[in-house]
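The domain 'MTTase N-terminal' annotation in Swiss-Prot covers 18-134. The [4Fe-4S] cluster 1 binding site annotation in Swiss-Prot covers CYS27, CYS63, CYS97. Here Swiss-Prot flags 155-392 as domain 'Radical SAM core', drawing on sequence analysis. Among the features that Swiss-Prot reports, [4Fe-4S] cluster 2 binding site is placed at CYS169, CYS173, CYS176, with the record citing sequence analysis. Taken from Swiss-Prot, the feature domain 'TRAM' covers 395-463.
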Amino acid sequence: MVASAPLATDATANPQRGSYWITTFGCQMNKADSERMAGILEAMGYREASAELDADLVLYNTCTIRDNAEQKVYSYLGRQAQRKRSNPNLILVVAGCVAQQEGESLLRRVPELDLVMGPQHANRLETLLLQVDSGQQVVATEDHHILEDITTARRDSSICGWVNVIYGCNERCTYCVVPSVRGKEQSRLPQAIKLEMEGLAAQGYKEITLLGQNIDAYGRDLPGITPEGRRQHTLTDLLHHVHDVEGIERIRFATSHPRYFTERLIDACADLPKLCEHFHIPFQSGDNDVLQAMARGYTVERYRRIIDRIRERMPDASLSADVIVAFPGETDAQYRRTLDLIEEIGFDQVNTAAYSPRPNTPAANWDNQLPEEVKVERLREINALVERCARKANARYEGRTEEVLAEGINPKDPSQLMGRTRTNRLTFFSATGADGHANKAGDLVQVRIDAVRSFSLSGSPLPH
């Protein structure tokens, strides 16, 4: 369970603190953490810098799920370390999963660092920076209860917001470093989640995405049993609890785990009108033996039953997933079964990755690693299939009218707005309708889809 945070002190409100810059690597959880840390910095008196090289405080919120993301962090750090040698007042912070994984060894590798902090400490940024102010070089990577955030996040969007509902992960997938860097599951209380959503609604937000590394596990660490003998707090119960927040038009959630994706959850998504018809459910492999080696805890048959039930209740629902190719020992036949499953289900989008050995994971030590050329070829082939499936899935939208939540101006064409359908299709459309009505960010617009591409739609707003 997430702990309550103490109130900030007046001593931290310093308008002379200078400017900050945050660079975020990785997942939506990291992006949400960065928004909260930006809010903390601004409450302390920092302002956002116009460029990284102008900032008085530089924070890298890091990701370790893939080796290339980790190496990119060290490249960025090298530039900032050189800058700090000529500007000792620069404050240099590494947060997130690389910080948690490397800990004090980061200080040995980059001695110019002032603060190394794991993701469990994001809401303690203020306290940790005060220690830096006193001349300390700080490492905060110990396991800790995650504090409720009492500082307003500085969010990148004023229309769509992320709300964390559970932190950490208790799974032990053999390829994944997340449990060791994000810690055990810690669920927020339903009333705290709803209160945050009500605050966002009061600011004009229209869509909320509930976030968790394994969101279907929500509530497992909270006390309480219902008269029927089940857990009192589940994701299904949470969706019912927050559904009536006035002003919020749409609710999404991510990321799901097939092991815990229940029929009761599917029924709630079908019955609650604010729940969007888009589901991101990683399957990782289309072969049962590979899934067992990954310690995923489900079979391909179980995954198919989930998809069948979703389509039975919500025939037009869109489906996205994650998949890993070239897992240690994966044969060509096993890989082909993954391709077959993608084509059979007809995913709208699949995030693909070649297996990357990560420190402190069982699979990294196995002696059946596949050659790099196999990884490259399998990734190339599966990406081509994913694009074909996405284009085919999008083709069914041509000529249809879809509700699109306008999120902002298309940066490539200021005459257009961009937003997403309920099924999460990125859609571009004219800001001004044929009737002269000017649509704006935050509007729910009925858009006739005139053209489709692999990963986006474009269309025309219907008259009001």
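Any Cβ shown, glycine's included, is placed from N, Cα and C.
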Helix, strand and coil residues within the domain 'MTTase N-terminal' (18-134) as assigned by DSSP: 65 helix, 23 strand, 29 coil
If you count the other Cβ atoms within 10 Å of each Cβ, which of the binding-site residues CYS97, CYS176 comes out on top? CYS97
Fewest other C-beta atoms within 10 angstroms, as judged across CYS27, CYS63, CYS169, CYS173, which are the binding-site residues: CYS27
Could you please provide the mean pLDDT value for the domain 'Radical SAM core' (155-392)? 96
Write down the Cα-Cα distance for CYS173 ([4Fe-4S] cluster 2 binding site) and CYS97 ([4Fe-4S] cluster 1 binding site), rounded and given in Å. 17
Tell me the residue counts in helix, strand and coil for the domain 'TRAM' (395-463), as DSSP assigns them. 1 helix, 40 strand, 28 coil
Cβ within 8 Å of the mean position of the Cβ atoms of CYS27, CYS63, CYS97: remaining residues of the chain near [4Fe-4S] cluster 1: PHE25, GLY26, MET29, ASN30, THR62, THR64, ILE65, ALA69, GLY96, VAL178, VAL181
I'm trying to understand the geometry here, so how far is the Cα atom of CYS63 ([4Fe-4S] cluster 1 binding site) from the Cα atom of CYS173 ([4Fe-4S] cluster 2 binding site), in Å to the nearest whole number? 17
